[in-house]
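Single-structure report; data block below.
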Amino acid sequence: MTSPSASSRKKELVEWQVNPPAGFKHKATDNLQRWVIEVNGAPGTLYADEMYQLQVDFPEHYPMEAPQVIFVPPAPLHPHIYSNGHICLDILYDSWSPAMTVSSICISILSMLSSSTVKQRPPDNDRYVKNCKNGRSPKETRWWFHDDKV
């Protein structure tokens, strides 16, 4: 019997293949638990003509629980993206809603990248990355969402 989470992922993948969000490409694998997505920087932004990869890991209770989404290093230089690929974005944590999809997450990440006026790491990057050794999930972090400018 297929789990509700697996059914949700299959449905999303079919929808993605029919109507992918602009600037993103799903890299086909046999693993529905982990998606790898190519992200192309939007034209006219600091990230134009740059390509990155997102890794999306689906929990057992998706979509009731948010997937873990990180950039596969090298991550873009951005005030809300750590060098280990962790992303400080509220919809990935506290503001998650089961109505959200991988497409809506991707659009939010591209919007975050596109609105940035500087290419730099978060001020606490080195400390944070050091504390995340041994594969700590970004979902274990108590994020402080204080900056909605980028």
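In case you wondered, yes, glycine gets a Cβ from its N, Cα and C as well.
Model, not experiment: these values are computed from the prediction.
Feature list (source: TrEMBL):
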- 4-150: domain 'UBC core' (DOMAIN)
- C88: active site, glycyl thioester intermediate (ACT_SITE)
Cβ neighbour count (within 10 Å, all chains shown) around C88 (active site, glycyl thioester intermediate): 22
Secondary structure composition of the domain 'UBC core' (4-150) [DSSP: H/G/I, E/B, coil]: 41 helix, 27 strand, 79 coil
Segment-level pLDDT (mean, integer) for the domain 'UBC core' (4-150): 89
